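Accompanying notes for the structure given below.
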Amino acid sequence: MYQTPSLGRSDDSAVDSSSGPGTPSDMSMFAQAYSIPADAMDMGALPERVGTPQPSRYHTALPDILHPETASNVPIRTICCIGAGYVGGPTAAVIALHNPHIRVVVVDRDQGRIDAWKSRHLPIHEPGLEDVVRIARDGAAEVRRRGDSATGEAIDAARQPNLFFSTACIATIKEADMCLISVNTPTKTRGVGAGRATDMAALEGACRDIAMHAKAGCILVEKSTVPCKTGQLIKDIMEAHRPGVVFPVLSNPEFLSEGTAIRDLMQPDRVVIGCESTISGHRAAAALANLYAAWVPRSRIAPIGIWSSELCKLAANAMLAQRISSINSISAICERTDADVGEIAKSIGLDPRIGPQFLKAGLGFGGSCFRKDIASLTYLAESLGLPEVAAYWQQVLTMNDFQRDRFARHVIASLNNSLRGKKIAILGYAFKKNTGDARESPALDVIRILLEEGPKSITIYDPLCSEADIRRELSVLEREYAVSMPDGPVRVVSDPYTACTDSNAVLILADWDMFKNSKPFTSSKPVTMAETYDGATPTDILHLTPNPKRATINKPPTPPRTPKLSPLSPDLTTRLLPEPPCPADCVVCRSSSTTGTSAKTDTTTPIDWAHISKTVREPRWVFDGRGVLDARAMVGMGFRLETLGRASMY
Ligand SMILES: NC(=O)c1ccc[n+]([C@@H]2O[C@H](COP(=O)([O-])OP(=O)(O)OC[C@H]3O[C@@H](n4cnc5c(N)ncnc54)[C@H](O)[C@@H]3O)[C@@H](O)[C@H]2O)c1
Ligand SMILES: O=c1ccn([C@@H]2O[C@H](COP(=O)(O)OP(=O)(O)O[C@H]3O[C@H](CO)[C@@H](O)[C@H](O)[C@H]3O)[C@@H](O)[C@H]2O)c(=O)[nH]1
């Protein structure tokens with residue numbers, strides 16, 4: 001039976017870091033005790049420093065979050081993940097894959113999304129996702145294989161499905177021992193703080209459902225990115241509906257990037273778990289840590305204070321985005337001098353204090369996270385009476401806008417300051433390569449500026465973004481430019497050659513490898529399970545044991561393993577069960593022009609620039625907003641190439 005960790009208020013708030021069990025020395029640098037007296041957890045109180053021993057008025061030792069035994073007090077049998085989006089779906093799938101003894105149910109109000117997760121056509125494209133989902137959702141077949149002379153034949157026992165998708169939110173919440181809240185937290189579009197503050201409506205809705213229907217003691221996990229102190233808001237909602245019942249709240253921000261989500265989830269740099277310094281908080285954190293420890297070394301699990309955890313997600317995104325804006329500011333200087341931003345990024349990236357990542361100049365950052373999270377940070381800073389801090393981060397956004405604005409204006413200037421009667425081809429709509437996510441793409445800003453000049457047409461090609469998704473994004477331009485009308489200026493096509501034929505200019509707005517013309521590349525070949533998880537054998541992944549007598553299916557792995565550093569044996573797919581066929585009227589199967597949801601779309605074969613050079617109009621303008629093209633080769637084919645961050649831009 002499930003036991004409520006602790007309902008007694010007085011016990012639950014007991015804190016004493018100095019007398020608490022010390023962190024074993026082999027634990028990570030994160031694994032430090034921290035102490036926040038319970039009465040300092042109110043809104044407005046300043047959290048104390050992580051790792052600083054505090055004189056305490058309390059005397060009860062807190063359980064060690066990273067010790068596997070701490071979790072045994074809080075058995076987790078059913079997890080409800082609320083939100084089947086880019087975070088909820090893949091995260092739940094990976095947790096289910098590695099914890100076959102736990103039932104993981106992903107719920108969403110969007111019937112279409114849930115139907116897609118249950119089908120052969122997953123609603124999002126992520127390399128490696130399909131394999132993970134198929135194993136956890138559909139189960140895996142028994143496989144007999146030859147062992148060595150000592151072991152003889154071995155059997156990898158079958159695995160039962162433990163990942164489910166449903167729209168029955170309330171019924172699933174009622175059963176859950178833990179709820180992962182993975183709902184959208186966009187920027188508010190109206191009212192107080194519009195344009196910067198976080199819209200908490202979806203999160204509040206999910207919390208209300210949990211408050212009204214969850215079992216006492218159910219653990220709430222913030223996976224969504226939220227403003228600092230949201231944990232308090234959640235506790236208030238719980239208290240309003242279920243006064244006196246303890247629902248531990250954890251912050252477990254997700255750091256995955258789209259396009260590499262499965263690799264990031266399989267091999268995270270760190271798993272941050274923020275909790276309160278209470279006994280129930282520590283036990284809840286231990287239960288969550290235990291789930292991750294099924295595949296993540298415990299040294300990479302970072303228990304920290306809940307407010308630090310919430311804020312560290314915003315800080316991480318702000319720092320990454322800041323690097324992009326920093327290199328982009330340099331790119332503008334390069335264009336007015338004879339410097340090359342690519343060379344600069346390479347040389348400064350060699351300094352280990354700087355490092356090479358996130359120094360790629362271009363149209364700036366897009367996607368659903370960076371802009372909104374920095375906006376949220378500026379709003380938070382301002383609300384806290386820190387206008388200088390707000391202005392500092394605001395500048396990162398200003399530089400981002402500047403980049404796409406000046407790129408688009410340069411295209412217009414190069415075409416004699418007029419786009420009347422001209423056709424513009426756009427290669428790449430996604431906010432970056434290897435994703436079909438069209439949200440917050442830099443392409444939208446560029447297209448908006450181009451449309452002001454009344455071009456004859458703008459023809460868009462992207463290998464993964466579906467026409468429906470692109471048109472949904474462009475709908476904000478509908479009133480001014482009638483972009484959705486059949487005779488409107490925007491077309492979405494399913495091959496790059498149609499897009500480019502007869503065009504006066506080709507614009508590269510996403511960094512798909514297929515647009516590159518330099519040496520052969522391999523980086524975006526589909527990621528297989530073998531590549532996403534270099535830590536264990538397929539048997540490890542499936543939690544199957546070669547000897548059926550010792551099968552541990554449906555039992556938690558004890559003690560929790562950490563991945564071994566041996567190469568992964570291939571051929572996991574031999575375990576996959578045949579997928580049920582689609583219904584005869586499946587729209588995705590019937591649509592020959594589907595580009596957004598099929599994992600089988602080819603995104604790796606390079607396009608034939610020599611062919612394109614024969615179909616575009618003179619003087620064969622190509623504007624490279626992502627620095628993917630080799631200038632010499634393009635010029636050799638007769639193109640006139642302009643690249644962001646290179647002198648020829650001016
Ligand atoms: N997309 C990313 O790469 C990424 C990475 C890290 C963190 N995040 C954060 O994770 C959160 C989710 O992002 P996402 O991209 O997955 O969003 P998303 O819009 O793709 O998915 C959210 C889903 O939640 C569902 N939902 C909302 N309220 C609900 C409710 N009350 N009950 C059931 N379902 C509900 C929506 O229908 C939607 O399908 C955001 O806070 C985001 O900032 C996103
Ligand atoms: O050197 C670079 C790196 C990225 N980008 C652009 O920046 C944007 C964001 O890229 P990336 O961070 O790779 O993708 P996201 O999926 O948005 O991931 C970010 O946002 C997520 C949501 O919060 C976090 O979880 C991730 O850690 C964080 O990297 C994209 O438009 C990229 O083209 C650049 O312009 N130059």
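Placement of Cβ uses the backbone N, Cα and C atoms for every residue, glycine included.
Around the Cβ of Cys369 (active site, nucleophile), the number of neighbouring Cβ atoms within 10 Å comes to 24. Per TrEMBL, the feature active site, nucleophile maps to Cys369.
If you look up TrEMBL, you'll see Asp108, Arg113, Thr185, Thr225, Glu258, Lys372, Arg439 marked as NAD(+) binding site. With a 10 A radius on its CB, Glu258 (NAD(+) binding site) counts 24 other CB atoms from all the protein chains.
Here the Cβ of Ala361 (substrate binding site) has 27 other Cβ atoms within 10 Å, regardless of which shown protein chain they belong to. According to its DSSP assignment, Ala361 (substrate binding site) is coil. Feature annotation from TrEMBL assigns substrate binding site to Phe255, Leu256, Ser257, Glu258, Lys313, Phe358, Leu359, Lys360, Ala361, Gly362, Gly366, Lys432.
The compositional bias 'Polar residues' annotation in TrEMBL covers 15-26.
Among the features that TrEMBL reports, region 'Disordered' is placed at 1-28 (among others).
As annotated by TrEMBL, region 'Disordered' applies to 537-569 (among others).
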Where the C-beta lies under 6 angstroms from ligand 1, the matching binding-site residues among Arg113, Thr185, Thr225, Lys313: Arg113, Thr185, Thr225
Ser257 (substrate binding site) to Arg113 (NAD(+) binding site) - Cα separation in whole Å: 20
Of Ser257, Glu258, Lys313, Ala361, Gly366, Arg439, binding-site residues neighbouring ligand 2, Cβ under 6 A: Ser257, Glu258, Gly366
Cα-Cα distance maximum in Å, computed over every pair in Asp108, Arg113, Thr185, Thr225, Glu258, Lys372, Arg439 that the record assigns to NAD(+): 23
10 Å Cα neighbourhood of Lys372 (NAD(+) binding site): matching binding-site residues from Phe255, Lys313, Leu359, Ala361: none
In sequence order, the binding-site residues (Leu359, Ala361, Gly366) whose C-alpha falls within 10 A of Thr225 (NAD(+) binding site): none
